[in-house]
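Notes follow once the structure below has been shown.
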Amino acid sequence: MPYQGTIGRTERERLHGHKGMCIWFTGLSGSGKSTLASRVEEELHRRGVSTYLLDGDHLRRGLSADLGFSDQDRREQIRRAAHVARLFVDAGIVVLSAFISPFEAEREMARAQFDPDSFVEVFVDCPLEVCAQRDPKGLYVKARQGVIPQFTGISSPYERPLSPDVTVETAKLSVCECTGRILDAVIPRLRHDSSLGIT
Ligand SMILES: Nc1ncnc2c1ncn2[C@@H]1O[C@H](COP(=O)(O)OS(=O)(=O)O)[C@@H](OP(=O)(O)O)[C@H]1O
Ligand SMILES: Nc1ncnc2c1ncn2[C@@H]1O[C@H](COP(=O)(O)OP(=O)(O)O)[C@@H](O)[C@H]1O
């Protein structure tokens, strides 16, 4: 439970003019999590929504600098990420969380931090071969050479989500189409009451 002062989430949401929410992106490295989280954030920002983008590399440079990529460390990474996301939502902000988050149990743990309307799980679905071809950071080449151990999809598992709120197939749809589908799921849930002007 968040610390409860005299100003609560409802008051903060009223000030922002929309509800707080967590949009949780999960998918393989190179599937398009960061690209889509960033595009969705731009679109929300343009509509006057208060946003914040959290991603794996970002957290791992600071709060999670002590963690590696063992199953146990990934579980701890997602526990921390979900907790931080919860704080942002309690502050009335729309937080976009982009983590591989490879395990269903931890994604469900993240979901359980929020009320059902405040959490949207986005499965960024892309075949491993396409991710490896894209290889935007050159990590798949190194993983296949054995230089990077425990690499998701190569030498560490990725469990496909069982019941995501939105699935975007990034090898079939453009960035623009994927962004539109995510916004269609998110925007109706942001309206706090009829006084809000989000369109
Ligand atoms: N072994 C291994 N496996 C997967 N990913 C690796 C690894 N080593 C480094 N990286 C880089 O770390 C980013 C993923 O961090 P996450 O915190 O999102 O991962 S996890 O949710 O804890 O599984 C990931 O970012 P994305 O490519 O944006 O997914 C990589 O840049
Ligand atoms: N429909 C799409 N959605 C997202 N990214 C796409 C799409 N089609 C092609 N891409 C490309 O795939 C790459 C995904 O990289 P990135 O967003 O860093 O992935 P991740 O954050 O999941 O590691 C980018 O180069 C992006 O331009």
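Every residue, even glycine, has its Cβ placed from backbone N, Cα and C.
Now, the feature entries from TrEMBL:
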DOMAIN    19-168  domain 'APS kinase'
BINDING   GLY27, LEU28, SER29, GLY30, SER31, GLY32, LYS33, SER34  ATP binding site
ACT_SITE  SER101  active site, phosphoserine intermediate
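Structure coloured by features recorded in TrEMBL.
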residue	record	DSSP class
GLY27	ATP binding site	coil
GLY32	ATP binding site	coil
SER101	active site, phosphoserine intermediate	coil
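In the structure shown, across all protein chains, SER31 is the one of the binding-site residues SER31, SER34 with the greatest number of other Cβ atoms within 10 Å. Neighbours of the residue listed as 'active site, phosphoserine intermediate', defined as other CB atoms within 10 A of its CB across all chains, total 27. DSSP places the residues of the domain 'APS kinase' (19-168) in helix, strand and coil in these numbers: 63 helix, 28 strand, 59 coil. Cα of GLY30 (ATP binding site) to Cα of the residue listed as 'active site, phosphoserine intermediate': a span of 13 Å. The two recorded residues SER31 (ATP binding site) and the residue listed as 'active site, phosphoserine intermediate' have their Cα atoms spaced 13 Å from each other.
The ATP site, placed at the center of the C-beta atoms of GLY27, LEU28, SER29, GLY30, SER31, GLY32, LYS33, SER34, has further neighbours from the same chain whose C-beta lies within 8 angstroms: ILE100, VAL124, CYS126, CYS131, THR170. Rounded to the nearest whole angstrom, the C-alpha distance between GLY27 (ATP binding site) and SER101 (active site, phosphoserine intermediate) is 7.
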